[in-house]
Amino acid sequence: MTEMSFLSSEVLVGDLMSPFDQSGLGAEESLGLLDDYLEVAKHFKPHGFSSDKAKAGSSEWLAVDGLVSPSNNSKEDAFSGTDWMLEKMDLKEFDLDALLGIDDLETMPDDLLTTLDDTCDLFAPLVQETNKQPPQTVNPIGHLPESLTKPDQVAPFTFLQPLPLSPGVLSSTPDHSFSLELGSEVDITEGDRKPDYTAYVAMIPQCIKEEDTPSDNDSGICMSPESYLGSPQHSPSTRGSPNRSLPSPGVLCGSARPKPYDPPGEKMVAAKVKGEKLDKKLKKMEQNKTAATRYRQKKRAEQEALTGECKELEKKNEALKERADSLAKEIQYLKDLIEEVRKARGKKRVP
């Protein structure tokens, strides 16, 4: 009973000192602490420590850490003798789950060690990425020559190729739920990101091709993905990956952004409507032009008629003026004649 209480207290001390609470590392740390305490116990016997000294030393060491379990405050003295240090005990007899207090952990120590190794493998790329600059990333393909990794010999979008993974990485499938408990910065493996790389290769070249062809953009015609895949200017880096099969044109069209141009059917309908509107406008313009011409001709005819009438009236007026003048002269002549006759008769009467 004393041995069980001491073991439970020591295991609780190791559990509190573990860096990760209730994680897979707790079991390994607790096992390591038990082994260290057993090795320390072997050295106490040859030096001849009494039970009081062993009790004082152990209590003093536990007091320095400040992690003494409240179970040691019982009336029963767990350090009454040092005979328990020489006994060989089998840890398989004890229920580690009950001692550690981990009820939700159902895996065995071997599974925990395997999960811990996988977690360390996940942390290794993160440490390398933070220590190095972003452009100088580690090449995951070990058999490629260094000449292909130079920036002056790589195609503009070679970084979007899906990288072939090693069999070890593909075979190992770590528990993502366990890795997420250790920290939020854990990223997914390269195998899970492989479809994303393929999608990027399918989408980006089409955009680059559209930007590199100003003549097509000027004329309003965009090169189709089929013609781009069949063009001789296709990057050799994308051809050099035989393990990757290119997606179908339907997948390319579905993943690419929608084109800003209208379908040909809508273009034809719009052209017909525009042609009809233009014809109606031209007909209306012709009608307006004809009406204006007719109006001008009518006004010209009316003006000519008025001018002719005016000239005729002017001629009549001149004739009437001449006749009036002649009549006025005749009247004056007659007046003068009558006056002379009157004078002549008056002279005849006077004598």
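Here the Cβ of each residue, glycine as well, is placed from N, Cα and C on the backbone.
According to Swiss-Prot, the SUMO2 cross-link annotation covers LYS53 (among others), on the basis of a large-scale study or a structure entry.
Summarising the annotation, Swiss-Prot assigns region 'Disordered' to 210-268.
Marked as phosphothreonine by Swiss-Prot: THR213.
As annotated by Swiss-Prot, phosphoserine applies to SER215 (among others), with the evidence given as experimental evidence.
Residues or ranges marked as motif 'BetaTrCP degron motif' in Swiss-Prot: 215-224.
If you look up Swiss-Prot, you'll see SER219 (among others) marked as phosphoserine, on the strength of similarity to another entry.
Per Swiss-Prot, the feature phosphoserine maps to SER224 (among others).
Annotated phosphoserine per Swiss-Prot: SER231 (among others), in sequence order, evidence recorded as similarity to another entry.
The annotation phosphoserine is assigned in Swiss-Prot to SER235 (among others).
The 4-hydroxyproline annotation in Swiss-Prot covers PRO236.
According to Swiss-Prot, the phosphoserine annotation covers SER245 (among others), on the basis of experimental evidence.
According to Swiss-Prot, the feature phosphoserine maps to SER248 (among others).
Per Swiss-Prot, SUMO2 cross-link is recorded for LYS259 (among others).
Residues or ranges marked as SUMO2 cross-link in Swiss-Prot: LYS267 (among others).
The SUMO2 cross-link annotation in Swiss-Prot covers LYS272 (among others) and rests on a large-scale study or a structure entry. Cβ environment of LYS272 (SUMO2 cross-link): no same-chain residue six or more positions apart lies under 8 Å away.
This prediction places the mean pLDDT of the coiled coil (280-340) at 94. What Swiss-Prot lists as coiled coil is 280-340.
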